[in-house]
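Database features, via TrEMBL:
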type: DOMAIN; residues: 3-282; note: domain 'Sugar phosphate transporter'
type: TRANSMEM; residues: 20-49; note: transmembrane segment
type: TRANSMEM; residues: 61-80; note: transmembrane segment
type: TRANSMEM; residues: 86-106; note: transmembrane segment
type: TRANSMEM; residues: 113-129; note: transmembrane segment
type: TRANSMEM; residues: 141-160; note: transmembrane segment
type: TRANSMEM; residues: 172-191; note: transmembrane segment
type: TRANSMEM; residues: 211-231; note: transmembrane segment
Amino acid sequence: MVFLNKYLLDSPSLRLDAPLFVTFFQCAVTAALCLGLSLGAACGPCAALPALRLDPKVSRSVLPLSIVFIGMVTSNNLCLKHVGVAFYNVGRSLTTVFNVLLSYLLLKQTTSLYALLACGIIIGGFWLGVDQEGAEGTLSWTGIIFGILASLCVSLNAIYTKKVLPVVDGSIWHLTFYNNMNACVLFLPLMMITGEFHTLYHFDKLGSPSFWGMMTLGGVFGFAIGYVTGLQIKFTSPLTHNVSGTAKACAQTVLAVVYFEETKSLLWWTSNLMVLGGSFAYTWVKGLEMRKAQEDPNLKSSEKNETGV
């Protein structure tokens, strides 16, 4: 999906300067697929998918997540528009750092020294990557700013997804539908403000079947990724989701360098390794802390039983 979005957002042959419209269309395809598959399941022999209906009350409850979701997908696409696919991983690598910051600001949860050191490695990798992009003459500060915003929104999206799930009775299917329906409505005024309707009116490939085929394929990928992401957050945690995303980004970076036949310096690769190593170190530290927290109550309980309390 990243490679496809890079084509739709920044292809010299396409020349479409409408990132909000690309994102809006993918949200619309996702909502339509949810509704279509639900109706098909109701009419067919398979009733695994629950029926969907638009409840204004539930839609309002999901709205905070939808606002964060819009910020996430828009900033992701705008970052991708201004940076290369290979640097996209580093450009939006501060998600774990924002997880720590938001946990302290919103939940008053402190973080251990080892976890903070891991975050320091990530930040160091981020700045080294920015430095190396500048040395190669391919640095876009606009892309960097949107990458930082994307990292913040990805962190917030994982937190709000966990928070909003009870509103839809834990159904990822319903959450995906409501989230994308809300996003479609919210994107319309944003597209009007940014003048993208005017851009689309003068777009010379608006009647091209291949263009709409690529757009629809992007929407299908967006639907699949959104659904799987929601399932992962539901059954694991926001942290697990962000870390697996980092592992995915590693493969994505290597593929991008090979596909675009780019030559990168040793320090550039070092920045990527620092980001990945810091992310996995943070996960390892947090895993040990969670395991210790689970064992402590059991230890105290056994001590009480032995003393007859």
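Backbone N, Cα and C define each Cβ position, glycine as well.
Here the transmembrane segment (211-231) has long-range neighbours at 1, 4-5, 7-8, 14, 22, 25-30, 33-34, 161, 172-173, 175-176, 179-180, 205, 241, meaning same-chain residues at least 6 beyond its ends whose C-beta is under 8 angstroms from one of its own. Contact counts against the transmembrane segment (172-191), taken as Cβ pairs under 8 Å, peak for 61-80 among the stretches 61-80, 86-106, 113-129, 141-160. Same-chain residues lying 6+ beyond the ends of the transmembrane segment (141-160) with a Cβ under 8 Å from its Cβ atoms: 64-65, 68-69, 71-72, 75-76, 78-79, 81-83, 87-88, 91-99, 102, 106, 130, 233, 238, 241-242, 245. Sequence-distant contacts of the transmembrane segment (113-129), counting only residues of its own chain at least 6 positions beyond either end whose CB sits under 8 Å from a CB of the stretch, comprise 87, 90-91, 93-94, 96-97, 100, 267-268, 270-279, 281-282, 285-286, 289. Residues 2, 5-6, 9-10, 19-20, 22-23, 26-27, 88, 91-92, 142-143, 146-147, 149-150, 153-154, 156-157, 160-161, 163-164, 167-168, 175, 178-179, 182-183, 186-187, 190 of the same chain sit 6 or more residues outside the transmembrane segment (61-80) yet have a Cβ under 8 Å from a Cβ within it.
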